[in-house]
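Listed features, source TrEMBL:
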BINDING   A:27-31, A:His93, A:Arg127, A:178-182, A:209-214  ATP binding site
DOMAIN    A:24-256  domain 'Phosphagen kinase C-terminal'
Amino acid sequence: MSLRRFTEHALSEWMRGEGPQSDIVISSRVRIARNLSGLPFPMLATSSQSAEVVRKVEEALRQNPVDLVIREAELIRMDDLSDLEKRVLVEKHLISPHLAEESRHGAVILSKNEAVSIMINEEDHLRIQCLFPGLQTDQAWRLADELDNGFENTLSYAFSEKSGYLTSCPTNVGTGIRASVMVHLPALAMTQQMNRLFPAITQVGLAVRGIYGEGSEALGNLYQVSNQVTLGQAEQEIIDKLQSVVRQMIEHEKNARERLMETMRTQLEDRVHRSFGVLAHARIISSKEAMERLSDVRLGVDLGLLSSVSANVMNELMVKTQPGFLQQHARMRLDSDERDMRRAALIREHIHKQD
Amino acid sequence: MQCQECGKRPATLHYTKIINGEKTEFHLCDGCARDKGEQMPGFDGGFSIHHLLSGLLNMDTPVSEGKPRGQEGSPSGLRCSTCGLTYSQFSKIGRFGCSDCYQAFGERLDPLFRRVHGHTAHRGKVPRRTGGKLKLRREMEQLRDELSKCIRNEEFEEAARLRDRIRSLQEKLQG
Ligand SMILES: [Zn+2]
Ligand SMILES: [Zn+2]
């Protein structure tokens with residue numbers, strides 16, 4: 001079964017950590033929401049209307065092979081997946097929890113390299129998502145735009161002159177674009193500067209959240225910065241603003257890292273190596289601790305304090321130590337204690353492989 | 001720290017959520033997190049945005065006008081004739097039922113859009129195939145902006161080039 005490729009093969013392109021600014025920026029994502037005209041949004045669509053959406057999109061995909069990326073893509077129906085397989089796709093950020101759990105006739109078109117995932121019958125009929133490693137919001141937007149144009153050759157979108165692309169949720173109307181960048185900001189977190197950064201970012205129409213929820217707590221010092229405004233600004237403006245704010249965050253983080261290296265290098269080295277020691281030897285590790293330790297080690301690699309592991313192992317482990325992946329790897333359901341043991345084993349295995 | 005739900009197992013998921021403007025901390029074990037549907041590390045923030053939206057929408061309902069709610073002419077009486085969604089349902093769930101809802105609720109939506117986006121009118125991309133004339137008009141507006149900038153900066157050669165492009169667009173629009 002070809003889906004195995006997506007769920008068993010753990011590395012997506014975005015986890016390879018080879019993009020620009022990849023010492024701080026994990027990934028860049030652009031998602032655009034579109035709906036077909038003449039059909040109710042998924043929330044109110046009947047089963048046959050939802051099936052019609054899938055049919056139309058599938059046909060549009062066949063008629064408009066935008067480029068190689070999408071020609072090699074395949075359409076996967078949520079109904080054909082086990083809960084665990086869905087969950088792994090969620091953990092790889094290829095589909096949303098909503099599509100996995102609540103959609104009717106939900107489906108996803110995945111490109112072979114997993115840079116493109118197009119959700120069908122999520123909150124909107126179509127959600128075109130492009131995910132790139134490092135800071136590549138421009139590239140992600142260009143590809144999403146191109147795919148959108150390809151679909152529009154065949155599909156009629158719900159659009160109005162005044163409000164733009166009409167979406168199910170009023171927070172997406174207009175451009176329907178949500179661009180986001182995942183950044184690793186351990187030095188800003190350590191020096192408690194995040195709380196000062198947050199309000200400033202909110203003021204320019206962007207939002208920051210920890211990857212596991214809202215508010216200031218972020219697991220593994222990973223934050224997601226994204227645009228909030230979708231109406232009244234052109235796509236390129238939105239992308240440019242996000243990009244420039246992220247660049248400023250990168251600068252702040254770099255400065256904070258330099259200052260830490262100057263003023264408390266030994267403490268920093270101690271912290272990095274302690275965390276490495278835990279990851280290399282622990283037998284039981286919770287997901288929270290794993291994320292924290294991985295963050296320390298990743299910082300150590302970026303600062304040249306640690307050379308026995310590569311940065312992308314960290315990217316990879318941040319995904320592979322999630323519950324869905326662990327269970328997929330073990331080929332059985334695991335309770336939380338068993339997962340903590342498997343997680344520790346998996347991390348050890350990856351770290352020692354690198355020696 | 002123990003899980004705040006069951007109190008039995010150690011909390012493995014820690015996060016803060018802002019619900020109705022109030023910051024609440026959660027500390028859950030994996031099991032309880034799953035029951036709460038929170039264990040999936042999704043990109044999007046989950047339900048709290050809709051609480052917030054619903055709050056914004058309800059602010060739009062006039063309450064201090066001396067008229068009781070639900071009276072004729074009040075927004076809650078509006079209904080989309082295509083999908084049947086009423087304005088008051090919309091303000092509860094924060095979701096439209098179909099694209100015609102936008103038309104049906106009309107200018108009532110502007111205060112909401114202004115609060116969420118700071119704007120009420122689209123300035124971005126237009127569908128190539130069905131966007132037709134709108135796209136040309138947009139392009140023309142942009143060219144006019146550029147033209148006046150060029151004139152201000154005394155870049156007359158570029159200005160002449162822009163003027164010609166505007167003329168040819170005008171012909172296309174009329175034709
Ligand atoms: Zn519990
Ligand atoms: Zn409607």
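Backbone N, Cα and C define each Cβ position, glycine as well.
All annotation found in TrEMBL is predicted automatically rather than curated by experts.
Keep in mind that what you see is a predicted model, and the values were worked out from it rather than measured.
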Cβ-based proximity (under 8 Å) of the binding-site residues A:Val30, A:Arg127, A:Ser180, A:Arg209 to chain B, or none: A:Ser180, A:Arg209
Neighbour tally for A:Arg209 (ATP binding site), based on other Cβ positions within 10 Å of its Cβ: 24
PLDDT averaged over every residue in the domain 'Phosphagen kinase C-terminal' (A:24-256): 90
Neighbour count (Cβ, 10 Å) for A:Ser27 (ATP binding site): 25
Surrounding CB atoms that lie within 10 Å of the CB of A:Arg127 (ATP binding site), all protein chains: 25
Sparsest-packed among the binding-site residues, when each Cβ's other Cβ atoms within 10 Å are tallied, from A:Val30, A:Ser180: A:Ser180
